[in-house]
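What TrEMBL lists as compositional bias 'Low complexity' is 431-440. For 35-90, 280-342, the entry in TrEMBL reads domain 'Nitrite/Sulfite reductase ferredoxin-like'. Annotated region 'Disordered' per TrEMBL: 431-453, in sequence order.
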Amino acid sequence: MPPSPSIRPQGAEPPIRDRGDACPGALRLHSAADGQLARVRLPAGDLTVRQAQALADAADRLGDGHLSLTSRGNAELRGLPDGCGAELAALLRDAGLLPSAHHERIRNILASPLAGLDRNSPADVRRWARELDELLCASERATALSGRFLFVLDDGRGDVAGLGGDVSLVAEANRAGESAGSGGTALLRVGDDPAALRIAGPDAPRAALAAAEAFLTAAEASGSGAWRVRELPAEQRLTARRVAAHLHETGITSTYVTQAPAPASSPSPHSAAPGIIEGPDGTAALCVLAPLGRLTLAQWRLLTAVAADDGCGALRLTPWRGIVLPGLPAGTAASRLSALAAAGLITDPDSPWHRLGACTGRPGCAKSRTDVRTDAAAAVAAGTRVPDTTAVPDGLPVHWSGCERRCGHPHGAWVDVRATGEGYRVAVVRPDTAPPADDAPAPPAPPARSHTP
């Protein structure tokens, strides 16, 4: 699992980037200890049944027989053999998962997973995501974005607004005097600027792309090679006021909001917790999570079958390494959820696996000091989630890491369980504070395993 963005305390100097980012994609694979790794971008986490079946076929024919879910609602294939790139690309392209080869790594769009499925959505941010994706793939300028640049589209419930977006759109309920068919409004934010811009809902996707273009202009002017908004030096800092000027040039009207509501650093009660979500139209959605973010082919195919046979033919991946199956008849939802639980998926928010994560660890990652996933599973089996329970406050997500990179760690506050080479160090990480340093050198990595088709 390639690294998550590092945590940089407030006031720290932004980095100078002298190269492009190395984030893998579906065409540019990453060489790991267990073979090649492909990351397939899924804007808003959306998948059709056909696309889900294509991912299963790729994992079966080319990979290690598993699918990994990322904290951006994307899917990863591991254990791929050298030289499989053309076959993988053809398989994904035929399923509609590669609309543009030049843009495939920059299609990083998070959207509220439950938008439109319950009563908490003032706007259709899933449609915004589709429109933004089309705009991105049509923009030659956008190809200069890094594979780490992130768009976040929150439908107003506050579930994804705090997940570190470079450009964020937060839908607002209809304001006084607005008609129900006006499309509403959205707050556009860049990085951690406390100010925002209020724009008309129908302009939201175009405004998000324009904000990303403003970032590229600032990054080029700074000469810093910044990959993300927070990496811009102070003199080129991207603010709502600077973006407003760029929006004006593109014909988008905006209103400056001095102090917009701060996004929550942890998921809201309206996020996609495991269980059944009852919809206003009499249908239901199932929300399940993958233990440690990893699914077997049998689990994935069961999810796909439920979506095809009982749901609306769609799946939504969430930034909490989960899956939402919308459109089920309310009368069958409970029995289908039980079947998914029997298959080993997390269906209960009280499960010890809920909010427990881990990096790839050994043997898949040569940088890891140990097999963290096996150790995390052993801790769950022993009735704990960490090696040292005295260091852990209740209610925080727990993440096991094999080295100081802490790949895939959560946003906000979390419990850091980090391998040191002689065990684990447990600490609580708060927003805007760096995790404790670890000077212990990693032991030699095990030899890479060969891939058997």
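All positions are counted from 1 along the displayed chain.
Quick reminder: no glycine exception, Cβ is built from N, Cα and C everywhere.
Along the domain 'Nitrite/Sulfite reductase ferredoxin-like' (35-90), the predicted structure has mean pLDDT 98.
Taking H, G and I as helix, E and B as strand and the rest as coil, DSSP gives the domain 'Nitrite/Sulfite reductase ferredoxin-like' (35-90) the counts 22 helix, 19 strand, 15 coil.
Break the domain 'Nitrite/Sulfite reductase ferredoxin-like' (280-342) down by DSSP state and the numbers are 26 helix, 22 strand, 15 coil.
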